[in-house]
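Read the structure below first, then the notes.
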Ligand code: HEM
Ligand SMILES: N[C@@H](CC(=O)c1ccccc1NC=O)C(=O)O
């Protein structure tokens, strides 16, 4: 019995003749994925691998998040509330992964990072197409961000498409209008390229939902999903800021910004402001 030798025997059914057949590495294209980590420091700095892998993994999770959020918007557009909830639940789990990742990067000391930071030149996460697309998809539109992508016409066109399309919040407000809620017409048809700006006229809509959850339980569940998504997004931004402060303090960013001060301003951006504001006007209900 080979278990005595602390070995697990192969079972007879296990495939060992895999030439010309679908394999693990082939299906996942691991040869491409795992040959895309090239430290630029010379000689290679041990910690640059962490920096590269950390960003690549974040971009992979963002790929899934963008994919799921796009589906979520489509579900809302077609009144598929249950399907929306299912996709939103997955998005939240992905966001948790993205947030938990900061703890890995925080093992990089300030002086280790300074030993290879110069190889980054003017590159910065500020130029992440996927990150900016997700922000646009959620509703933080900002046409000025497109300028950063002028060097790459394909990326520019993709971000432009995200700017032009209704966001998650836009589709949510349109959903509410379709289902009889008093959403002002200015939210049902508008210039989608503009960021949503806080509108007190939306408060009665949400007040009615939050004060009558037994009637509007569908709408309430949707609202709370959006609140979760925004909260998770803000936690990611906050953890990014704290990691940045811990590693480069208040140095300027490689992307040309003031650094921590610039990132802190992002904490004041909001996707679904009325969903937080409504709580200030809710009274006791019986
Ligand atoms: C040593 C680690 C890191 C430092 C020191 C850092 C620093 C910065 C700074 C200073 C900015 C502002 C733009 C600039 O001037 O460069 C920025 C933006 C950004 N970084 Fe990082 N970052 C780090 C890691 C990461 C990681 C792991 C990601 C994940 C993809 C990331 C994603 C972003 C994004 C998306 C922005 C744009 C944020 C916005 O527009 O509000 N960063 N980063
Ligand atoms: N902005 C960072 C550099 C940086 O973190 C970075 C550089 C290249 C690719 C991704 C990056 N991550 C986030 O900004 C810095 O100022 O050190």
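Along the chain as shown, the residues are counted starting at 1.
Cβ atoms here come from the backbone N, Cα and C positions, even for glycine.
For the substrate site, TrEMBL lists 51, 52, 53, 54, 55, 113, 117; matching the candidates 231, 254 against that entry yields 254. Looking at 54, 254, the binding-site residues in this record, the fewest other C-beta atoms within 10 angstroms of the C-beta turn up around 54. The 10 Å shell around the Cβ of residue 52 (substrate binding site) contains 15 further Cβ atoms across the protein chains shown. It is 16 Å from the Cα atom of residue 52 (substrate binding site) to that of residue 240 (heme binding site). Under 6 Å, Cβ to nearest atom of ligand 2: this is the test, and of the binding-site residues 51, 53, 55, 240, 254 it is passed by 55, 254.
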